[in-house]
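Student: A single structure is presented below for examination.
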Amino acid sequence: MGQLIAKLMRIFGSQEHKVIIVGLDNAGKTTILYQFLTNEVVHTCSTIGSNVEEIVLRKTHFLMWDLGGQEALRSTWDTYYSNAEFVILVIDSTDRNRLLTTREELYKMLAHEALQNASVLIFANKQDVKDSMTTAEISQFLTLSAIKDHPWHIQGCCALTGEGLPAGLQWMQAQATAN
């Protein structure tokens, strides 16, 4: 009976899906969140703690938690994992020096029990910048092909123009309606 009600809610009603947006500092997490919300560039400063906004895409409601990415704040990310259905990992495609740190944080998250059923969307941000890493390069460095227990998708984007962001949201919406 509960499954029937859940299915009817997905078809006819709206169900809220918790999303956490993570990534190292200055990757573009907050810019992406507000690009989703307003379709405009919003001047941001470093997030201390979190920002929360609801994004609606065709009856699918996403409650998005944008978490600060500074080193001192990353240890608090796990307090937001409970009931998260999606993880959006934002990567600065120009920051080759910290990609190892990003990989470590990604696999630490994926190993967390509270995220065992989460789908992962990776935004390779700043694709508009010359010599930025491609999604293929990032995918290879992060060894994304080794991720077997989580549906995942990597999407190149530019947070400032919004390019690539709708495709990522559509992937999330498809994942939400498939479950």
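Just so you know, glycine gets a Cβ as well, placed from its N, Cα and C.
Quick paste from Swiss-Prot:
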LIPID     Gly2  N-myristoyl glycine
BINDING   23-30, 66-70, 125-128  GTP binding site
Student: Go through Asn26, Gln70, Gln127, our binding-site residues, and report the one whose Cβ sees the most other Cβ atoms within 10 Å.
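Tutor: Buried the deepest by this measure is Gln127.
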Student: Fewest other CB within 10 angstroms, which one of the binding-site residues Gly23, Lys29, Leu67?
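Tutor: Counting other Cβ atoms within 10 Å of each of the binding-site residues Gly23, Lys29, Leu67, the minimum falls on Leu67.
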